[in-house]
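Annotated domain 'Guanylate kinase-like' per TrEMBL: 20-198, in sequence order. Here TrEMBL flags G27, P28, S29, G30, V31, G32, K33, G34 as ATP binding site.
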Amino acid sequence: MMQVLSIQNGATTKECPPLGRLIVLTGPSGVGKGTLMRSLLQRHPELYYSVSVTTRSPRPGEIDGKNYYFISRNKFEQLVAQGEFLEWAEFAGNYYGTPREAVLKQIRAGKTVVLEIELEGARQIRASFPSALSIFILPPSFEELEQRIRNRGQDSEEAIARRLQCAQEEIKAAEEFDIQIVNDDLETAVNAIAAALFG
Ligand SMILES: Nc1ncnc2c1ncn2[C@@H]1O[C@H](COP(=O)(O)OP(=O)(O)OP(=O)(O)O)[C@@H](O)[C@H]1O
Ligand SMILES: Nc1nc2c(ncn2[C@@H]2O[C@H](COP(=O)(O)O)[C@@H](O)[C@H]2O)c(=O)[nH]1
């Protein structure tokens with residue numbers, strides 16, 4: 001697949017449209033990746049948002065097939081063994097993965113595909129798709145990050161503690177990625193992502 005993406009600026013023929021791009025949005029839980037994505041997709045509906053697979057239980061209001069594909073740990077492990085994921089990771093006690101075929105299909109069709117994933121998965125994508133553009137979203141402060149996770153009101157105390165613990169390590173990795181954007185004012189951060197994508 002690396003080979004395929006490396007020819008993304010190659011010649012266009014009627015039979016073979018130019019390949020699409022792969023964009024990775026990463027950063028600690030609660031920093032606002034999902035909120036930024038929704039805003040970006042409203043402005044740019046031509047982008048393809050990859051719906052991930054997870055073993056986490058749905059939060060109130062989350063819809064299977066829209067927010068995530070919710071499956072059991074056994075099923076997830078089967079899919080891993082079958083090579084069905086472009087990347088996958090265990091995060092705060094649950095598995096998360098990007099369906100391989102759905103993403104590759106969109107890239108072959110010339111679409112820009114956006115993945116919203118945690119650090120380990122983002123590292124895997126950087127290793128296997130060096131041409132992918134990777135964006136790390138930072139919080140204005142650690143205190144604000146905690147406040148956002150709490151205000152979201154979706155996670156137990158235990159889950160919040162796990163996520164904050166992961167966040168400390170994740171933030172240290174920000175410089176590994178192509179671009180770092182602080183999500184302080186939402187509009188400013190969306191503009192910065194759009195500028196990175198569309199110039
Ligand atoms: N710029 C911002 N200013 C203030 N609040 C924000 C901002 N961006 C997002 N939020 C709020 O922070 C909370 C967490 O946002 P969101 O769920 O999008 O984070 P996330 O990074 O996608 O989290 P996760 O990785 O756990 O899915 C939400 O309540 C959201 O409304
Ligand atoms: N490696 C992957 N990480 C993913 C994927 N889909 C989502 N995520 C990230 O997991 C955490 C927790 O998400 P939550 O919905 O439980 O709050 C967050 O950082 C997501 O970005 C994926 O396919 N692969």
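Each Cβ is built from the backbone N, Cα and C atoms, and glycine gets one as well.
All TrEMBL annotations are machine predictions without curation.
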Coarse DSSP state, helix versus strand versus coil, of G27 (ATP binding site): coil
In sequence order, those binding-site residues of P28, S29, V31, G32, K33, G34 whose CB lies under 6 Å from ligand 1: S29, V31, G32, K33, G34
Contacting binding-site residues for ligand 2, chosen from G27, P28, V31, G32, G34 when the Cβ sits under 6 angstroms of any of its atoms: none
Remaining residues near the recorded ATP site, that is with C-beta within 8 Å of the centroid of the site residues G27, P28, S29, G30, V31, G32, K33, G34: I137, P139, L145, R148, N183
Candidate with the highest Cβ count within 10 Å, taken from the binding-site residues G27, P28, G30, G34: G27
